[in-house]
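Annotated features, as they stand in TrEMBL:
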REGION    1-82  region 'Disordered'
COMPBIAS  58-70  compositional bias 'Low complexity'
TRANSMEM  89-112  transmembrane segment
TRANSMEM  628-648  transmembrane segment
TRANSMEM  772-794  transmembrane segment
TRANSMEM  871-891  transmembrane segment
TRANSMEM  903-926  transmembrane segment
TRANSMEM  946-970  transmembrane segment
TRANSMEM  991-1016  transmembrane segment
TRANSMEM  1113-1138  transmembrane segment
TRANSMEM  1158-1182  transmembrane segment
TRANSMEM  1194-1218  transmembrane segment
């Protein structure tokens, strides 16, 4: 029975009065090895010897055990046999859960291979070696202007390989200095607002420059004001250009470096390659890029072989060694750790000391012959990015770091010559918390500044000429505006026309043409027109770019069908460009008037620019191809897997029909009774028989499916009929076929019976409250899964969690109050409900807002954008001290705070929780000015790392080992049988086993405390308070479920007094409550389903540098620990809580394993339904939705990771339940069905 009220713990006298065949061997129980040197043995010895509390008589214990063994040998008929081990039952639970996990893995793997394919990479290289011709002119136009003639003219006359076309222009610069300031946002370098009345109006409206990053790095804006394009393009001399530099998401450094060098677009799933390491090949660029083109050009000009040094120098972020291994000169590449966000200066100082000797003739570190010959300098600093991650954008250290960049930039500008092109840029931006990775306005809004002392060419005209306006048209502006608003620099005071903006990939063709290089083969960017201020040069650059893009798209169409839908549009736009170009050639040949030529010139430039932009935008819409065959196969496996979970859950509750052995007694010819085993069709009893039936259903079909899968995979390569379908590998085809065959067989055998038994059960004699509770849980699940059909609901999922959780708790509380037969029984659930609602509301206070919620949401997770509040840390310390006491209260209510429980809570859990709070206190203290000035920073940083290490070791090693080998939370107490007159010596003594009724749950709660303490360390202070509130709410929900099951037991005893009462299973509402609480913990600990809310700081919990695999594991637990570890652990705790052991010889077996299996399968059902809903909606309904990769794909990935981790957590939780059950089996002789 799962209730101490209905099934109170026995006294030792009660157990001893039982007849020998039915009673447990009580005399040996206190001395069982599972008790160890516990308080139970101490109290038993004290009661027997009347000695001090710490006395212990091991010899007496041994004698008692020996005499009992001798008695058992002399009277085997009077001593019950040894209790059966629970190992078989729990192994069956683990096997069934592993089968469900395997189904999920196969379905998810196949689905993801179809849904999140990476972009098809072409290995082509632009090998055009045709020298540039300064006096080049358009070839003779075609005789006819029909479509075929125009296309033929473009493929022959304009072809740089076979005709008169161009593939490069005369270089404007021989050398380049590229400085990448990681996370340099556009407004960090933007010009201040113009001094006008609108600016004053902007100040009056409340906008003021941010003192930490606005107008600090001011050199670019100052030089642009003086030498800006296009205002100063009509005269030779220095030229400067600033723009908003739009990055394509994901805004991770590695993906941005690919885009900045190849001109290609990344796919969403490629963000994971950002954490590859050099030498693994993960993240390496295998496509053509402008640095490789520059190197090849230099080596060709110097006559060196391709493996020689070309004067390519790099210093900075070590991501470059991953992306471009072996590209730079071997003795001129210096890389630094990019993930040590605690280090703000090492990389920046390294870039300065390594690169300045190449520029400054009088630099003290300059060495003749080493620093003289260079053609490309690339520096990649990380200080700005690390300040953002560590403190947020608005912090004094950001101002200091930008001032350092300003000083470095001044040194560079002073040292470069007229032949050097200077490029300053950010690879991406950052939000106000300093995070990046997603596609919010601040994350994609990087800054770009290009400067040359000799200029980029000039118009030699008196009239004003704005190249961006010159080639722009209404259609192109609608596709990709050249000016956009930027919220940190609003209008007013900035112009209402917006800020000049260019895509990041436009840098690739631009810098290629400025350096006289062919454009990389896979480039999808267009040139930055502002840097080509003469109409003739501008048109030639646009034509070269468009011709290469056309070549790429034509080749791509031969290898992949994902752009096939746009082929007609591409052809039409290309034909328009060629026609406009041919018309210009005809006018030039006919020597027409200059105004006609000017119009044709502009028309051709606009047409080529339109082709470039249409190609880019259509490619952006596609991102990656979708393999619908794999998507559908994956969804089929997941849907069938969901049905299998339902069947197995029903089997765990009511059994499945199958052929099973049964023992029957018969008399032989001598009249002696013998036992024979025969097989008959019946329902399974227990998890071992359930597993046997499952294996009967799936083994043979899985074997047949394996053979079919192998045959299909080979046929796809041989039969022309299916050659057009996607090729399935042998492993993929075999797994899919075997999985689907086994699932269909299992469902065919048992789904009809399951549905019939479910209908019968729904019509059975059970209280209406139970029916409502079971329905309510599934209704909540259905609504949760359905809300993903709306982007608005998906964005506000955290609010739905709060609403649905509060509603469900209220409903459960009201039903429990209404069904309790006594007034006293109504008070307890009422108090539990009110306290639960209060804790849920308190937990929801802490949150981080999504970008889409900005207008209606205020983040409260941090006191500032990225820093913790010192007041929260004080409260966190207080809760770290009080939480063990509050958890102990729940054990005290069940008389289970005995034995090792006080020791664990006071000297195990409380210190580790306080260490977790102490870590974040030290993290907050470290950057404070008084610590920096005192010189104690390094010592405190060392102490902080060791606090985390000690806490992790205590939790993951010592606490876990202690829990595994520790005895149950039990003790024996002796008191007078007649408490009214205890002084009378003739009164008998009563011995009571304290903690007996909750011996399973109390021991399991200790493990839950260890996991909570681990999550406490990984969670920042505001999240720690929310985590504490969620855990307490979960314990209250556990007590509420216990009251619900007590009511159901009383109902069953009243209506079926002659039938044995079986403990009821957990209702779907209980499981839904725990799942919703875990989602609440996820959102209230500073997370959302976005890349931007990943808390990378925990990767450096124990060390200032990354350590594999610990760092990724810490980030994973920080993100998903609350969402995936808590539901299975708390679910098993609900099953074990107050589940009274059945002593040896009681002739009753415990149904614990069946209850655990059914509950964990219901938990798995919840996560799988969410995963399936998101997968189906993303792949079938919204795969062409504009917000697919912004909303549904991150949420789908979150559901995928959570779904798998919940099932893995279920395996761990069941294993922990096995360990506790073994202890109970050893001590009390309890047997498990």
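These residue numbers are counts, starting from 1, taken along the chain as shown.
Positions of Cβ are set from backbone N, Cα and C atoms, glycine also.
Since the structure is predicted, the reported quantities are computational estimates derived from the model, not experimental observations.
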Using a threshold of three or more Cβ pairs below 8 Å, and leaving out pairs closer than 6 in sequence, do the transmembrane segment (903-926) and the transmembrane segment (1113-1138) count as in contact?
no
Go through the chain and flag residues at least 6 beyond the ends of the transmembrane segment (1194-1218) whose CB is under 8 A from any CB in it; none is fine as an answer.
86-87, 90, 93-94, 97-98, 100-101, 104-105, 108, 112, 438, 788, 794, 797, 1004, 1007, 1089-1091, 1116, 1120, 1123-1125, 1127-1129, 1131-1132, 1135-1136, 1152, 1156-1157, 1160, 1163-1164, 1167-1168, 1170-1171, 1174-1175, 1178
Segment proximity, the transmembrane segment (89-112) to the transmembrane segment (903-926), 3 or more C-beta pairs under 8 Å:
no
How about long-range neighbours of the transmembrane segment (1158-1182): same chain, 6 or more residues beyond its ends, C-beta under 8 Å?
93, 96-97, 100, 104, 108, 111, 114-115, 626, 628, 631, 634-635, 638-639, 641-642, 645-646, 648-649, 652-653, 781-782, 784-786, 788-789, 1065-1066, 1068, 1071-1072, 1074-1075, 1127-1128, 1131-1132, 1134-1135, 1188, 1192-1193, 1195-1196, 1199-1200, 1202-1203, 1206-1207, 1210, 1213-1214
At a threshold of under 8 Å on Cβ distances, which of 628-648, 772-794, 871-891, 946-970, 991-1016 pairs most often with the transmembrane segment (89-112)?
628-648
Short question: which residues 6 or more past the ends of the transmembrane segment (991-1016) have a Cβ under 8 Å from it?
4, 7-13, 47, 880, 883-884, 887, 890-891, 894-901, 904-905, 908-909, 912-913, 916-917, 951-952, 955-956, 959-960, 963, 966, 968-975, 1024, 1027, 1031, 1117, 1121-1122, 1125-1126, 1129-1130, 1132-1133, 1136-1141, 1152, 1216-1217, 1220-1221, 1223-1224, 1227-1228
